[in-house]
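In TrEMBL this protein carries:
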- 1-169: domain 'Major facilitator superfamily (MFS) profile' (DOMAIN)
- 12-31: transmembrane segment (TRANSMEM)
- 43-63: transmembrane segment (TRANSMEM)
- 75-95: transmembrane segment (TRANSMEM)
- 107-130: transmembrane segment (TRANSMEM)
- 137-157: transmembrane segment (TRANSMEM)
């Protein structure tokens, strides 16, 4: 809705949505390459924190006055969001594989199920938050939830979960 108010075309809106998935595709192998250097737990926390920050920033995008600046800011935010997403999703698979050896198929099934539930409920809950607090509330809520998850992960994810693979934690 905000993009249409600013005069973006359907193509520009589609590009803004699609660039996020493209960046996940491009950044995931890089995240995998960085994992031995930073450790899966740290990469997970960095990814969650950066994605949470970007989500909150996206909540301010309606303040950008011009169509061109709005479009460019949308693309930049979605690119950065995709990079952060790639970091925490890629590292989450490593963390789960290390924390639950011998149960990988079950754990991956649970992760995929939870992802599907999130993709199903996310727009519904976002719509409710939008109705309650306007454009910004869904983004602020997501950002705060991601910060909370990053904070909790520092204590809930074992420190030594990556040592078996020579990964720094």
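Don't overthink the numbers, they just go from 1 along the chain as shown.
Glycine is no exception: its Cβ is also placed from the backbone N, Cα and C atoms.
Counting only same-chain residues 6+ beyond the ends of the transmembrane segment (75-95), those with a CB under 8 A from a CB of the stretch are 15-17, 19-24, 26-28, 30-32, 34-35, 40-41, 43-51, 54-55, 57-58, 61, 108, 111, 157, 161-162, 165, 167.
Contacts between the transmembrane segment (107-130) and the transmembrane segment (43-63): absent, as fewer than 3 C-beta pairs lie under 8 angstroms at sequence separation of six or more.
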